[in-house]
Amino acid sequence: MEIKMFGTVVVGVGIAGLARIRDLMNPMPSSPSEHLKLFGFVSRRSFGNINEAKQISLEDALRNKDIHAAFISTENRSHEETIRMFLEAGKHVLVEYPMALSAKAAHDLWEMAEQKGKVLHVEHIELLTEEYKQLKKEVAGKDLVKGTLHFTGSVLDENKSGFPAFSGIARLTWLIDLFGDLTVTSATREKQKDKNYSRMTVHFQTPGSSSSADLFGCLENFPEAPRSSVGLFMQDQNLFAKKLLGQVSKEELAAEKWRILRCLDLAEVIQQYCEEPEKIYS
């Protein structure tokens, strides 16, 4: 029986890209990843080779009929354009989150992938950690009525990484994955450039709720859990390979699509709230 193999290319070799190259060159034995074969990587910088992987041009990656899938690990700002190029070239795509920096772009790209019959997979390794899986068990059966989410951190270069609701979308992903749909009721942001500190506070509630309960402690302190023997990028790669092999159910794919696009819709609503001009009361 012939084993179906998918030629792959990694685009962008930062921390994630290097992890992708490592995992593609050393797939887990007897896992779906054994069906992926790394052809090379694309980078604006000149590397020659990384381990056994060879550098190829973007044009070669797009044209080569033996390359069936691209792993996109570039900076956030260029995700949208790079996804579009590879989908147009008839390739499947795995992209690190966020897939795009606007909700409209994300919906358009997803539609394009569906029209072309290609897998568009967005990495969300924050859902694969053992701590998160443990938290999910603890939260099971509990309802979130209303909550507050804080995005804190150093001030990022938003020209490259996008607005914090997009670059920090993992936090929205946790909430939507744990509690289902949410509505943003307000969002504010403060930046202290001199202290290299940024804080965004988002309030939301679940549909049809009017009473209030705070979820704050829950996502601040994750439960302790033993480490998995399988790395997060490898788990994600296995999931992508399963999709390529047609081993993921339509229901799971539909639920994942809804979650990813819903989070990007919410990220945009948060950005709009934060960028509204200050209301001046006379």
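In case you wondered, yes, glycine gets a Cβ from its N, Cα and C as well.
Nobody curates TrEMBL annotations by hand; they come from automatic prediction.
Per TrEMBL, these features apply:
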- Val13, Gly14, Ile15, Ala16, Ser43, Arg44, Arg45, Tyr97: NADP(+) binding site (BINDING)
- Cys263, Cys274: Zn(2+) binding site (BINDING)
- 7-124: domain 'Gfo/Idh/MocA-like oxidoreductase N-terminal' (DOMAIN)
- 132-209: domain 'Biliverdin reductase catalytic' (DOMAIN)
Please list residues from the chain of Arg45 (NADP(+) binding site) whose Cβ is under 8 angstroms from its Cβ, counting only those at least six apart in sequence.
Val13
Between Cys263 (Zn(2+) binding site) and Ser43 (NADP(+) binding site), how far is it from one CA atom to the other, in Å?
29
Need one number: mean pLDDT over the domain 'Gfo/Idh/MocA-like oxidoreductase N-terminal' (7-124).
97
Are there any residues in the same chain, six or more apart in sequence, whose C-beta is under 8 angstroms from the C-beta of Ala16 (NADP(+) binding site), and if so which?
Ser73, Glu96, Glu123, Phe233
I need the CA-to-CA distance for Gly14 (NADP(+) binding site) versus Cys274 (Zn(2+) binding site), whole Å please.
30
Whole-number answer please: how many Å between the C-alpha atoms of Tyr97 (NADP(+) binding site) and Cys274 (Zn(2+) binding site)?
21
Per DSSP, what is the residue count of the domain 'Gfo/Idh/MocA-like oxidoreductase N-terminal' (7-124) in each of helix, strand and coil?
48 helix, 30 strand, 40 coil
Could you count the residues of the domain 'Biliverdin reductase catalytic' (132-209) that DSSP puts in helix, in strand and in coil?
30 helix, 27 strand, 21 coil
How far apart, in angstrom, are the most distant Cα atoms among the NADP(+)-binding residues Val13, Gly14, Ile15, Ala16, Ser43, Arg44, Arg45, Tyr97?
22
Pop the Cα-Cα gap between Ile15 (NADP(+) binding site) and Cys274 (Zn(2+) binding site) into the table, whole Å please.
30
